[in-house]
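Have a look at this one.
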């Protein structure tokens, strides 16, 4: 008979009201000691564990907490410290944060997206390191939970194959060498856990949802055979998520106690129905969506569980989320202003724990034991489905989504209008949002100041920063986005079909949290969103001011889209809505319009066979938004941490006149892709890292510019920071931009000198 258990794969770190973020930032600013930081975060961590215990979760994760990022945690625990930080004590928190954020004389480690999510991890650097276990974090958190709360937790660790595949600093043919170097450390971690009495360990291997080669697959088999041979007294569960497991038949035969599969994304059920499941293994059934916030249809999930149970007939069936709940907010209970119909249709992390235990009870004890909860679930879903969010269909029938004039001709017209110098300088969009900016916005939202007072404040900030940008001698200016909380949430507040929360925060990178809007129904543009602020900024200067919009793909990928809505259809609706905003900006005299797509890469399915459909839809939606402007209107776009080579054709297909890409943390690797891909349109590779508080030197910036110009034509290249400057302080922003403009001037002088000679 199959044993039924409930499990959680990971819990949000940040706290209901971002207490984690505030503690960490207070430590960075020197306002609290390291001991105070550790005390505050321990309380938060233990409170999170108590919640899960009280909810009745059988297998409670420990070690899912982090001060910054769980991949960085793994690297530091294994003494994988980049060479430029090796003069520090590896066990000190200051070393840990220096790797993530950089310091005066050392740039931060590269940061990139965690598979196809908006969470960012710090990329481990394997060159010039001497791996050894300096801290068994999993053991520490296991013992803490046991001693403080009596919880026999389930340690969570990043698997060896995933860890090394996500790292850099080694050749492709060295993958096995590096995994073999780290395996003794994994064995030590697991052995120490076993000796401490740990029964279960969750080893996260999301890399198994990607297209592994035969050689890599054989390596996976060797890794887990070795762990089975060398570690005893502990039950290992390999956890996969985000996609169908590739090579299912071989993965389920790995010598481990259990396999966790994602039954929300991909088609793992069909594989089990076709090939079965080992009778002696535990099956982790990820049926509650860990990446979305909408309430589960409990009846549908119950039927799915029954189908899984019938097809697999495992030793134990573990009811759990599809992935860690890191990707959703903590609880909906704080949402007092949200439309009741929308709120009833939501399920954040705490509510998902309830869904997991309800379904576990339904399978163990029968549906009648939780009948009222099933009925409440169905009623809430039906109310949303019958609400005004869904009562009008928005069809997108437009076929031609290409600009009518080719880029080469457009560029001539645009340069005639704009008269920009070679190597033009600009910023990406947002400017520092000071405490005063945030405080004033909060006052306005609470009704403590009038709309007129708030608008006057925003205009004063805009005036100040237009003057600063002119004094800095930037060539293309921005209005600063002082009226915006977040680049996606702002549009979610203005477009029909969205709802926004007060406390729906999720971690994006480090202490940076975002509040994705809720996409509940059909999307429509109702009135101008950005025109007033951009037009005001343009009235203050003779230099061009960019119109700033967030693109359709990013709005979709950075929103919580209801699962009943067809994503590509909604993406087209957003594109059509943005077209109206683009044309309104053009009508107001805006000559440069930036439509940002930082999330283009992250929405990609892990299975590369699904990429063409995704790219086609992305290019179409961007074209819907931008293709009807005049040839002389310059369209810009911006992207974050993208593997340019992988998405080159899609980027080219966007047909933007200028693209800027976040590159500085890749330490020159992005530039190398242009030696293979000869991009014809204008491009700006970020010359300094805005995610770090350090101010770069002019010499450092010159090196970055020179490196880029070795593969990109001078006439194509723009000079800009990596990303928006919203999170930086005013003084460091001005200092960095001064140096950037100085470096640009020096680069121009060298170019003119070379041309004259």
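Glycine too: its Cβ is placed from the backbone N, Cα and C atoms.
TrEMBL lists 6-311 with the feature domain 'Cobalamin-independent methionine synthase MetE N-terminal'. TrEMBL lists 18, 19, 20, 21, 113, 118, 512, 513, 558, 602 with the feature 5-methyltetrahydropteroyltri-L-glutamate binding site. Marked as L-methionine binding site by TrEMBL: 428, 429, 430, 481, 596. Feature annotation from TrEMBL assigns Zn(2+) binding site to 638, 640, 662, 723. Under the heading Zn(2+) 1 binding site, TrEMBL lists 638, 640, 723. Summarising the annotation, TrEMBL assigns Zn(2+) 2 binding site to 662. As annotated by TrEMBL, active site, proton donor applies to 691.
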So if I draw a 10 Å sphere around the Cβ of residue 430 (L-methionine binding site), how many other Cβ atoms end up inside it?
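That number is 22.
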Going by Cα-Cα distance, pick out whichever of the binding-site residues 512, 558, 640, 723 is nearest to residue 428 (L-methionine binding site).
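Checked the binding-site residues 512, 558, 640, 723; minimum Cα distance to residue 428 (L-methionine binding site) goes to 723.
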Whole-number Å only: compute the distance from the Cα of residue 638 (Zn(2+) binding site) to the Cα of residue 429 (L-methionine binding site).
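Distance between the two Cα atoms comes out at 10 Å.
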Counting other CB atoms within 10 A of each CB, which of the binding-site residues 18, 512, 638 comes out lowest?
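Candidates: the binding-site residues 18, 512, 638. Fewest Cβ atoms within 10 Å: 512.
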Among the binding-site residues listed here (596, 640, 662, 723), which has the Cα closest to the Cα of residue 113 (5-methyltetrahydropteroyltri-L-glutamate binding site)?
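Nearest by Cα distance to residue 113 (5-methyltetrahydropteroyltri-L-glutamate binding site): 640.
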What are the non-local neighbours of residue 20 (5-methyltetrahydropteroyltri-L-glutamate binding site), defined as same-chain residues 6+ apart in sequence with CB under 8 A from its CB?
13, 14, 41, 44, 511
Rounded to a whole number, how many Å is the Cα of residue 18 (5-methyltetrahydropteroyltri-L-glutamate binding site) away from the Cα of residue 430 (L-methionine binding site)?
22
What subset of the binding-site residues 481, 512, 558 lies within 10 angstroms of residue 723 (Zn(2+) binding site), using C-alpha positions?
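Of everything listed, nothing lies within 10 Å of residue 723 (Zn(2+) binding site) (Cα to Cα).
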By a simple count, how many Cβ atoms lie within 10 Å of the Cβ of residue 662 (Zn(2+) binding site), its own Cβ left out?
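For residue 662 (Zn(2+) binding site), the 10 Å Cβ neighbour count is 24.
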For residue 481 (L-methionine binding site) and residue 512 (5-methyltetrahydropteroyltri-L-glutamate binding site), determine the Cα separation and express it in whole Å.
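Cα to Cα, residue 481 (L-methionine binding site) and residue 512 (5-methyltetrahydropteroyltri-L-glutamate binding site) are separated by 18 Å.
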Once the chains shown are all counted, how many other Cβ atoms turn up within 10 Å of the Cβ of residue 429 (L-methionine binding site)?
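Around the Cβ of residue 429 (L-methionine binding site), 25 other Cβ atoms lie within 10 Å.
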Cα distance, the residue listed as 'active site, proton donor' to residue 429 (L-methionine binding site), nearest Å?
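Checking the Cα atoms of residue 429 (L-methionine binding site) and the residue listed as 'active site, proton donor' gives a distance of 15 Å.
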